[in-house]
Amino acid sequence: MSGATSTGDVGYDELAVLKLLALDGAHRGEVKVSCGDLASRLDASSQTASRRLQALDDADHVTRDLVSDGQWITVTDAGRHALKHEYEDYRRIFEDPGELALAGTVTSGMGEGRHYISLPGYNRQFAEKLGYEPYPGTLNVDLPPDGQRARAGIQALDGVDIDAWEDEDRTYGSATCYACTVVGDGTDFDGAHVIIPDRTHHDDDQLEIIAPVKLRERLGLLDDDEVTIRVEA
């Protein structure tokens with residue numbers, strides 16, 4: 001695998017090869033490829049082109065049928081999915097985002113949100129900067145794989161900084177809040193915020209949302225209910 005940073009199971013160098021293959025039509029069906037021709041288009045050696053094709057094959061991004069004068073290559077569903085992710089990234093760069101919508105399912109948290117949100121150092125800032133004191137607890141939303149990648153786009157939007165603070169016992173970390181609307185089944189609540197601590201044990205597969213009301217009650221939500229979170233740009 002090449003490239004200092006990777007997307008999915010392959011590096012950016014392999015994604016460049018995948019893009020060339022798709023431009024040749026390999027995402028629709030088999031195309032015939034020679035390593036020499038591919039190397040010329042990549043401005044790389046034949047060995048490098050062959051190595052990148054092998055990496056794509058190993059990651060199940062392409063299927064290959066080797067013949068005497070080249071190889072027949074098809075981009076797989078996984079390969080198309082990787083290219084679609086790249087496309088969505090570029091859309092976020094060059095288009096006005098308007099808002100970022102993430103779909104997920106309601107889940108029960110571990111109760112930590114209730115404790116931290118009620119702490120005076122945070123609560124005071126919420127009132128001053130968000131204009132309300134949050135209900136003591138967070139709405140936790142699990143995100144599917146596609147939503148996890150889109151979640152990274154939230155931090156490119158304008159947010160409200162919640163500063164770190166300390167008391168006699170410890171220091172409490174900073175966070176950023178992003179205005180959002182929570183959409184349930186036939187009803188919604190405008191005036192909530194996604195809260196992302198700068199340091200958190202949560203993975204990218206979950207969102208925490210605060211609001212001046214108990215969102216579960218306001219929207220009639222239960223665990224495993226589907227919701228959409230519309231984060232404002």
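Positions of Cβ are set from backbone N, Cα and C atoms, glycine also.
As written in Swiss-Prot, here are the features:
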| type | residues | note |
| --- | --- | --- |
| BINDING | Gly109, Met110, Gly111, Glu112, Gly113, Arg114, Val213, Lys214, Leu215, Arg216 | CDP binding site |
| BINDING | Thr138, Asn140 | Mg(2+) binding site |
| BINDING | Thr200, Glu208 | FMN binding site |
| REGION | 1-99 | region 'Unknown' |
| REGION | 100-233 | region 'Riboflavin kinase' |
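Classification of Asn140 (Mg(2+) binding site) by DSSP places it within a strand.
Close to Asn140 (Mg(2+) binding site), meaning Cα to Cα within 10 A, are the following binding-site residues out of Gly109, Glu208, Val213: Gly109, Glu208. Counting residue by residue with DSSP, the region 'Unknown' (1-99) contains 51 helix, 20 strand, 28 coil.
Of all Cα pairs drawn from Gly109, Met110, Gly111, Glu112, Gly113, Arg114, Val213, Lys214, Leu215, Arg216, which the record names as binding CDP, the longest spans 19 Å.
Set side by side, the binding-site residues Val213, Leu215 differ in how many other CB atoms lie within 10 angstroms of their CB, and the most is found at Leu215. Listed binding-site residues: Thr138, Asn140. The one with the lowest count of other Cβ atoms within 10 Å of its Cβ is Asn140. DSSP states for the region 'Riboflavin kinase' (100-233), grouped as helix (H, G, I), strand (E, B) and coil, give 34 helix, 50 strand, 50 coil. Scoring each of the binding-site residues (Gly109, Gly111) by how many neighbouring Cβ atoms lie within 10 Å, the top position goes to Gly109.
Between the CA atoms of Gly111 (CDP binding site) and Glu208 (FMN binding site) there is a gap of 12 Å, rounded to the nearest whole number. Of all the Cβ atoms in the protein chains shown, 22 others lie within 10 Å of the Cβ of Glu208 (FMN binding site). Summarising model confidence by region, the region 'Riboflavin kinase' (100-233) averages a pLDDT of 89.
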